[in-house]
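These come from TrEMBL:
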BINDING   ARG40, GLY65, ASP138, LEU139, GLU165  S-adenosyl-L-methionine binding site
Amino acid sequence: RFAVSVGYWKDPYIQYFVRQAKERKAPEINRGKLACYYARVHGVGHLLKAFLKKTECNCQIVNLGAGMDTLFWRLKDENLLPKKYFEVDFPMIVARKIHNIKSKPPLSKPIMESHSGESLLIDSHSLDSSRYSIIGGDLRFSSDLEEKLKKHNLDIQLPTLLIAECVLVYMTPQQSANLLKWASSTFPTAMFINYEQVNMADRFGQIMIENLQRRQCNLAGVEVCRSLDSQRERLLLNGWETAHAIDMMKVYSFLPQTDVKRIEGLEFLDEKELFEQLMQHYCICWASKDSRNL
């Protein structure tokens, strides 16, 4: 929300989900973190739009651990909605999101506009329209997850994009492996995008882990985040045909230079080294299974 408010990218919907923070973070955290968020939004968006283009939007998206994400509304504005867009998160998070959607017309109206068929189904822990579904569930239990998605008209034959941003790292390696295996074995044509930490075995990574532990935040799956190789390997070992991983510094170097100049002008950063270290400790990985040769 802060990044959007200072102009890093446009998101007219985040204001309805997240209150503006009053305090301003320390400049090096600000600039480094915000540029990292910016690269993440653009990196994930680039892969997502490539998938939508290849499938001509005749596909479905499953956003795992979606939280207060606003992607559905932004895709609708760009006329890029897939056939169906699913979100899954813990029931408590989902209840909060549904409450916001129900009480704020700029959120509920686009769902109604894209809905066709019978009346829209909504209760405290799920919402189902013809183009958008939000489901309360636990990603650590994939059989339960599949049952809930199918109830909301998941079509396993349709090309499917699964997105997980800072989600798998909170599960044990076995739990995330089960989820990845479930996804690769369920959909004949699919792509998986994962954004999370990497290079966590070095000193900088250890400090990140310690800082999070002090805030009672345990990264149960951090051992899989040792390197870009370990990130690729976990995808290939769990049934994906191809897998790639690049750190956020690399993603940042791919961004259009005019845009990079613009965002670097938004906030002053003299801690270039700290910024680069932070960017080298996050990555985007993507894997695919391609029965249709898309």
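Every residue gets a Cβ built from N, Cα and C, even glycine.
Structural mapping of features recorded in TrEMBL.
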residue: ARG40; record: S-adenosyl-L-methionine binding site; Cβ contacts under 8 Å, 6 or more apart: GLU165, TYR195, MET248, VAL251, TYR282, ILE284
residue: GLY65; record: S-adenosyl-L-methionine binding site; Cβ contacts under 8 Å, 6 or more apart: VAL88, ASP89, LEU139, ALA164, GLU165, CYS166, VAL167
residue: ASP138; record: S-adenosyl-L-methionine binding site; Cβ contacts under 8 Å, 6 or more apart: PHE90, ASP144, LEU145
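Pairwise Cα distances among ARG40, GLY65, ASP138, LEU139, GLU165, the recorded S-adenosyl-L-methionine-binding residues, top out at 24 Å. Cβ packing within 10 Å was compared across the binding-site residues LEU139, GLU165, and the lowest neighbour count falls to GLU165.
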